[in-house]
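Reviewing the structure listed below.
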Amino acid sequence: MSAKIMDGKSIAQQIKNEVAHGVQKRLKQGKRAPGLAVILIGENSASQIYVANKRKACEEVGFVSHCYPLPETTSKAELVSLIKQLNQDPEIDGILVQLPLPERFDSANMLEQIRPDKDVDGFHPYNIGSLCQRIPKLRPCTPLGIMTLLARYDLDPCGLNALVVGASNIVGRPMSLELLLAGCTTTVAHRFTQHLQQHVENADLLVVAVGKPSFIPGTWIKPGAIVIDVGINRLQNGRVVGDVEFDMAATRAAWITPVPGGVGPMTVASLLQNTLKACMERT
């Protein structure tokens, strides 16, 4: 068996085209383009690259993007003040605080300062709670991107045994809620999980988000499974790999996402979808 590749890059481009069409439709109606504000604290090079990529994507679809680079010395009060200012700005539809924040910040508390209807990352407790209650509003971008990717390939997860490896607030936990909503029998594996191999071998749909290169051996993959690899890990030789041992996994799975070019582009595409949605619901 040789797995079919789920090309997140091409699907993300489809979504960008759809969002751009939505923006043009608004402009023809005399309405303004969506506005996204991105807050970046400090000089983290990886975060700077992520922010630049997000702003580029925004410009490609016709959004108005605003970047607020703040020094490493920024206080909690200063960050809260900026978020409150953006909450009240009628031209801003989405507010994104680039993570990770410096260690002295309580990230969860900072994200709670964002108005739920402008929380285009989907991390606010209100939006997570809405997803849990089966009335999703603004959905976390990576899980939303994964669900969109499955849908675009006509892969219906309803009834599948799904395993999410990793229980972060950004991916693992909201991913489990998305899969429950889609009708999966969902298991979440984490650092205390015993007999991980058995769980993986039983999974019809496997989502891995732990940030460890080739953490899941390809030989564990259930024949015919759908494998979604969220990990992005740069090796010492400069090669970028996922959390799943790709080559072996691809001989057993029916479908698999590559790294890079799988989930990553879908996350950015979901951010664009959320921002357009937030704008349309406000104006």
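Each residue, glycine too, has its Cβ placed from N, Cα and C.
According to Swiss-Prot, the NADP(+) binding site annotation covers Gly166, Ala167, Ser168, Ile232, on the basis of sequence analysis.
Overlay of Swiss-Prot annotations on the structure.
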residue	record	Cβ contacts under 8 Å, 6 or more apart
Gly166	NADP(+) binding site	Gly172, Ala189, His190, Val208, Ala209, Val210, Gly211, Val230
Ala167	NADP(+) binding site	Arg173, Val188, Ala189, His190
Ser168	NADP(+) binding site	Ala209
Ile232	NADP(+) binding site	Gly211, Val240, Gly242, Val259, Pro260, Gly264
